[in-house]
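Each remark here refers to the structure printed beneath this line.
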């Protein structure tokens, strides 16, 4: 009988890495979390991992490479760090699920294009704003050609840790590229806003699209397409909600999405981070299931 699970590791035990740890431990069917690695021995993330009985190391990427038993790594560090980690993981034959905006590997979105990249050795989760909004752009553009799409992701300032703040330029560029490459808009733009309101607000996303054709039948098809993709995202992100359904003003379509977090480790207002970790787990589970099935044949 072949392996039942792949051995997983997390590098980067910050907000995202720690939330992901709890999701793997509580929900994963195909992953066994073997290691959480960081670079600060006394960090909160490593302490919490030890409390859960998971091995930890402050030796960073080297700790993963030294073990020889890791099949898949979630990189929740920074875009700059992942650019250094990616070739090392590739040479070691370890699958990388990249939660930074580094975009070394292809962009993946569970409800849009994961099957195309199921055998890839490095996949990129785009950004939290991308995971929230690109499915909507895709839902519109599969009905009618979309000349331009712009997204505004507004997140609670408290949910933006140092990694998110360091990556803001990469966030806007990577999300805009994803709007074109995955959302199929001809041009894309992304804006991120950090809202300091207290109590913190839920993640809100506004999607604007300029479409090539307009008539009542197309409007109806777009509305149905958006509703359909929202149900697909909700299968792995229960807090993903349609706040304002498609509104049409000439050839401009506006949609608003709210994301409430699952509350595994992060507060519920951190829907932006929860969306990224939910998507990462959904991607890794499908990749692991595929790899395990291939190994059993």
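Here the Cβ of each residue, glycine as well, is placed from N, Cα and C on the backbone.
Taking Cβ-Cβ distances under 8 Å and a sequence separation of 6 or more, the neighbours of residue 128 (active site, acyl-thioester intermediate) in its chain are 153, 155, 203, 272, 273, 275, 276. As annotated by Swiss-Prot, active site, acyl-thioester intermediate applies to 128.
Here Swiss-Prot flags 159, 160, 161, 162, 163, 164, 165, 166, 167, 272 as NAD(+) binding site. Annotation for residue 161 (NAD(+) binding site): same-chain Cβ neighbours under 8 Å, separated by at least 6 residues, are 14, 15, 16.
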Intrachain C-beta neighbours of residue 167 (NAD(+) binding site), sequence separation six or more, cut-off 8 angstroms:
78, 79, 100, 101
Would you work out the biggest C-alpha to C-alpha distance among 159, 160, 161, 162, 163, 164, 165, 166, 167, 272, the residues that bind NAD(+) according to the record, and give it in angstrom as a whole number?
16
Per DSSP, to which secondary structure element type does residue 165 (NAD(+) binding site) belong, with helix, strand and coil as the options?
helix
